[in-house]
Amino acid sequence: MAEEAQEVPQIALEAVIGFNGHVFSGLKVHPDKEHLIYPLGCTVIIKSQRSGKQTFLHGHTNNVSCISVSKSGRYIASGQVTFMGFKADIIIWDYEKKEIYARLVLHKARVEDLSFSPNDKYLVSLGGQDDASIVVWNIESKEAICGSPASAQSAGHCLTIEYTNLNDEIFVSAGNGTLRVWELDLPNRKIRPTECQTGQLKRIVKCLEIPNDDNFFYCGTTSGDILKVNLKTRLLNSCGPVKQKFSKGVNTLKVLKTGDILVGSGDGMLSLCSGGNFKTIKSVQLEEGVTSVTLRGDGQQFYVGTEAAQIYSLGYIDFKPELIATNHNSAVKDVAFPFGTSELFATCSQNDIRVWHTESSKELLRIMVPNITCNALGFMQDGRSIFSVKKKKKKILFLKACAVSGGGEGQVRVWEIFQDSYRLIETMKEHKATVNCIKIKSNDKECVTASSDGACIIWDLVRFVRNQMVLSNTLFSVVCYHPEEFQIITSGTDRKIGYWEVYDGSAIRELEGSLSGAINGMHISEDGKYFVTGGDDKLLKLWHYSDGEVTHVGVGHSGSITNVRICPNSRCIVSTSADGAILRWRYPQTLKSE
């Protein structure tokens, strides 16, 4: 994949809309108080809150599972997941240079958590369930010092790890029935654990928080209560709240300078609690479970991330949430621009349709469609209405007063559309499998359908009969008319791009579209000189139509590309992916001047 991208110029990535809210404590504020750091797929994003500028840290080969920022702000560490039997990388990034400082490889399958020592000397890492080990790394030498099983054999899996604030040799680990304070014995290259005594109390700890003075530490549990443990004696000090526990468990904790605690729970409630008895002082309900709480400076302002892929900003005094970033939290199925303008675009996902402002990447409108997967969408010619397709119908396109839809059973239907109703005009049945794509000719008298049965059919929409059929040994996923409408281009699971004559359905040429993975999206520029493709290889490719050569490649997607669009005036390209991300690319200006 990298070799394929290096041979040709790269397309400049302008903006990314996306945030993985399922990574616990994945949202961080850099000590400079200006930049937010968060994961999206296998990318770590650094975003300036002042200018909105984004920087992308590429280096992971699979989804980022945890993030830690050193107290000085000099380093960022990120861990990833990988497949069973393979090693999962930890990358330490140099924040100033925005490049890889060290790649640490030891854990298997998954890196569960990371934490820097207070003076940037060491990084401690925790492996996932299949690895179950703790490793301490020397940051200067970029090597492992020592390691140990994370929990005793009689205990469950370890889930989280946290360094103390004053001592480079002491850190805490916790999980299912395990709560340990570790001391680093550097001369003997060993880490020695001490079990914390919690008496009869048995809990699964999901998060740890150690106040600045290192006297006590707090543990958030799946039972919805908080444990306060003495760091010196390793004994349980208190547990609460006694009556009103936090619903769906405590996902994240942050202790403020005042001694009060911010608690994010699985039901989406963010609460400010007393540090003494854990009683709620004030709370606010957010959308879906809270997974990250991060303080800006001393905690007068803080940011919150949720499972709904939302990022909120709150102040300590008013405690009112301001939504500063909103994103899809599941695969984005389709993207569309209104006719003749690049100001806006729309995307659709599992339960919603969203309209975005192109330049600022701000969400302008959200249409919720509960319990229905939206597969495709588009704008009406006047730009006032959006049409969409739910799960049963795979694809739909509108004529002036009619619509053409393709179903999962292979039927193509033509509908007459009235102001508040519709009527089926004709059903055309030739496809044997799902219709994946429909394109209508500019005169509304002809359309082409691409299907998983290996056929693309050109239909007469006046007589409702087949004009031509093209066959290939593939599952066709996408088809496009050339703007002059004498040719169509197709692609699918065989990774080939086919050019076909509309008049007689004959094959003109075939290109190798990808070295690995199906092509899922394709779109031709308005002048017909270039077209763009994207698919399972995660590369955006811009092709010269006549030469059949790749002119530019876009590298940046972490998940499979699901769809691509060149905006009407060829200013930008928008691509969507299976991990919920939307990427905006600058259309190469050299191509526009040709």
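Placement of Cβ uses the backbone N, Cα and C atoms for every residue, glycine included.
Because TrEMBL annotations are produced automatically, they should be read as predictions rather than curated entries.
Taken from TrEMBL, the feature domain 'EML-like first beta-propeller' covers 53-312. The average pLDDT computed for the domain 'EML-like first beta-propeller' (53-312) is 94.
According to TrEMBL, the repeat 'WD' annotation covers 104-147 (among others). If one looks beyond the repeat 'WD' (104-147) by at least 6 residues along the same chain, the residues whose Cβ comes under 8 Å of a Cβ in the stretch are 65-72, 74-75, 77-92, 157-168, 171, 173, 182, 184, 186, 189-191.
The annotation repeat 'WD' is assigned in TrEMBL to 325-366 (among others).
Annotation comment: TrEMBL describes 428-461 (among others) as repeat 'WD'.
Same-chain residues lying 6+ beyond the ends of the repeat 'WD' (512-553) with a Cβ under 8 Å from its Cβ atoms: 1, 4-5, 8-11, 475, 477-484, 489, 491-497, 559-566, 568-570, 573, 575-577, 583, 585, 588, 591, 594. The repeat 'WD' annotation in TrEMBL covers 512-553 (among others).
What TrEMBL lists as repeat 'WD' is 554-585 (among others).
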DSSP helix/strand/coil residue counts for the repeat 'WD' (512-553): 0 helix, 24 strand, 18 coil
Helix, strand and coil counts within the repeat 'WD' (428-461) (DSSP): 0 helix, 20 strand, 14 coil
